[in-house]
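> What follows is a structure written as structure tokens; I'll ask about it next.
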Amino acid sequence: MTEEVFIMSQERVKRPGHTRWYISSLLSGIIILNYFDRVAISVAAPAIQDSFHLTATELGIVFSIYTYSYTLMQLPVGSLLDRFGVAWVTRVGMTIWSFLTILLAFLQGKLLLYLFRFLIGLTSASAFPAASKATALWFPPSERGLANSLFDSAAKFSNVIGAPLVAFLVTTFDWRVAFLTIGCINVLFTIFFWQYYEQPERHKRISKSELNYIQKHNAITTEQIPYKTGPLLKKLFTNRKVWGLMIGFTGYGYTFNLLLTWLPTFFKHTYGMDLMSSGLFTAVPWLISTISGIAVGGWLVDYFIKKGYPNTKVYRTVIIVGMSFGFFFLGSILTNNITVAIICISIGLAGISATAPVGWSISAELAPIGSVSMLSSMVNLANNLFGGIIAASLTGYLFDVTGSFTLSFLVAGFVLLLGLVFYVFVLGDVKRIKL
């Protein structure tokens, strides 16, 4: 166990103030809205497919082209966040993607649909690296598991509230009203974020005692990157632990993104559900995964670390158990019973969701001082390159070829196994990389 964790587990430290938890709620709000767009395109997919006369392969392009641009921006946005800070990079990105979402509601023609999805991906790319960076700045390691789980689980919770909401708006009005509504909500939240977020030492509402508490126990106290981007990337890309983390996280991300984009369509085609029913059934596994991410990947991880257990042992145990449960989602392709299918998907999604906050915690602990956003962006790059782009587009192609989701789910199972192998055998002990 590290000296810092030992001290924090032995001392009865008073934790003054709650501003950092308000910040955590703010970060969760960003992720919910960031994923509302993805949930909307997923739930409204059948209506959009009819409106633009898209094949399943073309619909896969609509899903994946967002991820192409989102992925392309990961390394640039990581550098921008480390150099200019979370506040301004996120403010600018949120403002642009909010108005693009509103304009999306008025589009005509599939080429414009592709273009706007590409642009929204570019401007929303900062969300997860920014949340990871802000959490590392605002929270000491003993609280970081829960803080990471809150913003990570927000991505799942967006499906719980977003899927029924979008399904209602699409069935009551149309898909354009759904995107117009989401865009307006984004604008309002952007104004709130603009006013409230700042890093700890600049925040107007933080008490001196809470600031001292954060700075005393936190190894990450600056947003400024002390290294040139080129040498830093070379060092990180040639580090074995970084590859263990990137591919390990991708094992989670492939199944997550497949279910995020295709689950409503899976229910519709496999069980003949209407849009409203598929939206409601989609919310069930995501609600369970939200609870799992916070309870296991957050609270339970922090509990054992505060008890003095080594970070690496705690992280590895959660990853092995969580990913093992993740394979349960494959049971959904072996049954014709919708209840059994939802149970299998719920268990599998809950399992992998418990591992996601652990991945973000590992990223913060591995990254050289001042470069948390860069490493987080690299993890998100790998996750979205393989888990996002390939999962979304390959699933559409395989469905066109085979007429079912069976092969797509089997591919996801293989990637999940590969991720588990990299986490366990390539990542090794979680220790900060020194340059």
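Yeah, the Cβs are placed from backbone N, Cα and C, and that goes for glycine too.
Heads up, here are the entries from Swiss-Prot:
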type     : residues : note
TRANSMEM : 26-46    : transmembrane segment
TRANSMEM : 61-81    : transmembrane segment
TRANSMEM : 96-116   : transmembrane segment
TRANSMEM : 119-139  : transmembrane segment
TRANSMEM : 150-170  : transmembrane segment
TRANSMEM : 177-197  : transmembrane segment
TRANSMEM : 242-262  : transmembrane segment
TRANSMEM : 281-301  : transmembrane segment
TRANSMEM : 325-345  : transmembrane segment
TRANSMEM : 347-367  : transmembrane segment
TRANSMEM : 385-405  : transmembrane segment
TRANSMEM : 407-427  : transmembrane segment
> Using Cβ atoms only, state whether the transmembrane segment (150-170) and the transmembrane segment (61-81) have three or more pairs under 8 Å that are 6 or more apart in sequence.
no
> Can you work out whether the transmembrane segment (61-81) touches the transmembrane segment (119-139), with the criterion being 3+ CB pairs under 8 Å where the paired residues are 6 or more apart along the chain?
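They are in contact.
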> Which one of these stretches, 96-116, 119-139, 177-197, has the most C-beta pairs shorter than 8 Å to the transmembrane segment (347-367)?
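Between the candidates 96-116, 119-139, 177-197, the best contact partner of the transmembrane segment (347-367) is 119-139.
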> Cβ pairs under 8 Å with the transmembrane segment (242-262): which stretch of 26-46, 96-116, 119-139, 177-197, 325-345 has the most?
26-46
> What residues elsewhere in the chain lie close to the transmembrane segment (325-345), defined as a C-beta under 8 angstroms and at least 6 residues from its ends?
252, 255, 259, 263, 267, 270-271, 281, 284-285, 351-352, 354-355, 404-406, 409-410, 412-413, 416-417
> Taking pairs 6 or more apart in sequence, does the count of Cβ pairs under 8 Å between the transmembrane segment (26-46) and the transmembrane segment (385-405) hit 3 or more?
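Not in contact, no.
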> At a C-beta cut-off of under 8 Å, are there same-chain residues at least 6 beyond the transmembrane segment (177-197) that contact it? List them, or none.
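22-23, 26, 29-30, 33, 36-37, 40, 44, 86-87, 90-91, 94-95, 97-105, 134, 165-166, 169-170.
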> In the same chain, who gets a Cβ under 8 Å from the transmembrane segment (119-139) while lying at least 6 residues past its ends?
20, 23-24, 27, 30-31, 34, 37, 65-74, 77-78, 80-82, 86, 89-90, 93-94, 96-97, 100-101, 104, 147-148, 151, 197, 199-200, 214, 218, 220-221, 223, 360, 363-364, 367, 372-373, 376-377, 380
> Hey, which bits of the same chain come close to the transmembrane segment (385-405), Cβ under 8 Å, at least six residues off its ends?
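Contacts with the transmembrane segment (385-405): 55-61, 63-64, 67-68, 70-71, 250, 252-258, 261-262, 266, 269-270, 333, 411-412, 415.
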